[in-house]
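**Student:** Have a look at this one.
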Amino acid sequence: MTKDILILAVETSCDETSVSVIKNGRDILSNTVLSQIESHKRFGGVVPEVASRHHVEGITTTINEALVDADVSMEDIDAIAVTEGPGLIGALLIGVNAAKALAFAYDKPLIPVHHIAGHIYANHIEDLLTFPLIALIVSGGHTELVYMKDHLTFEVIGETRDDAVGEAYDKVARTIGLNYPGGPQVDRLAAEGEDTYSFPRVWLDKDSYDFSFSGLKSAVINQLHNQRQKNIPIIEANVATSFQNSVVEVLTFKAIQACKEYGVQRLIVAGGVASNKGLRQSLADQCKVNDIQLTIPSPKLCTDNAAMIGVAGHYLYQQGRFADLGLNGHSNIDLEEYSAE
């Protein structure tokens, strides 16, 4: 009988302290998440120093809870996986140092994991990844299209040239007057409104898979500013609907076109914005029309969590891609450089 592989995974790249135990690359034995949303809400966004302080306060408890929930001990664990980047450097270092301490104390291999690779592998938990595939990455810090021909091979074929889609959502939400985190609230409002504004769709160069959302963001901000200056009533739901339709149309079109050009019949979506209902429905509709298999994780697996890090860590473990105790956190890591090829 093949021995089960247990990975203890740590994720502290931004404002969630999360620890998970993953068995054999898919089974979640535990996935403890300590959220900081309430602490950052009054600031209208994540404050790095506050995030780091909360990670320091919560990391030990979160590790212990994950082990208890999984009903395992550190002696049962085969390796420690940890997000090394990208992310907030102070936050990353809390998780990296905790993982290094565990690896040293219990003599376990240490596995560095790229945060975006983790988001991609969140899909594998509920629906086995099959290759080749196109991954659409949509989050607060990233908007990318990635071609994968096998496990841990990443070719970035498109990325944002300015704002990430999640960043645009948060800025538009603040302009409308919605509380942090704004993305889910814009999505909720968008379901109630009508597309009454002609906000731009930015396609960039012909056949380009890059994205740009700064122009759209500015168009929304300027529109609301002009209406307020002229005392013209603002129907917030209509603003949200018009903005979201512009975003979703571009994301959907480019993702489907990438699948067609690369001859791929599998599209996966990853990142916090993957929980957006408007985007999920648009992609589902177009994938059905184009006979493309679509996988989007459950909303709880779209946001930052350690389970996704553990799944990616499992495949890195199988490839023997370990780090020594000199491992550091990195605010920026190129996904292609992290690729197995």
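Just so it is clear, glycine is given a Cβ too, placed from its N, Cα and C backbone atoms.
As the structure is a computational prediction, the values presented were derived from the model and not from experiment.
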**Student:** Since Swiss-Prot lists Ile137, Val138, Ser139, Gly140, Gly141, Gly183, Asp187, Asn276 for substrate, which candidate among Asp127, Asp170, Asp285 does it give for that site as well?
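**Tutor:** For the substrate site that includes Ile137, Val138, Ser139, Gly140, Gly141, Gly183, Asp187, Asn276, Swiss-Prot also lists Asp170.
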**Student:** In Swiss-Prot, the Fe cation site includes His115, His119. Which of Asp304, Asp324, Asp334 does it also list there?
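**Tutor:** My reading of Swiss-Prot gives Asp304 as the candidate in that site.
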**Student:** How many Å separate the Cα atoms of Ile137 (substrate binding site) and His119 (Fe cation binding site)?
**Tutor:** 8
**Student:** I need the nearest neighbour of His119 (Fe cation binding site) among the binding-site residues Ser139, Gly141, Gly183, Asn276, using C-alpha distances.
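**Tutor:** If we rank Ser139, Gly141, Gly183, Asn276 by Cα distance to His119 (Fe cation binding site), first place goes to Ser139.
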**Student:** Taking 10 A as the limit, how many CB atoms besides its own sit near the CB of Gly141 (substrate binding site)?
**Tutor:** 21
**Student:** I need the CA-to-CA distance for Asp304 (Fe cation binding site) versus Gly141 (substrate binding site), whole Å please.
**Tutor:** 12
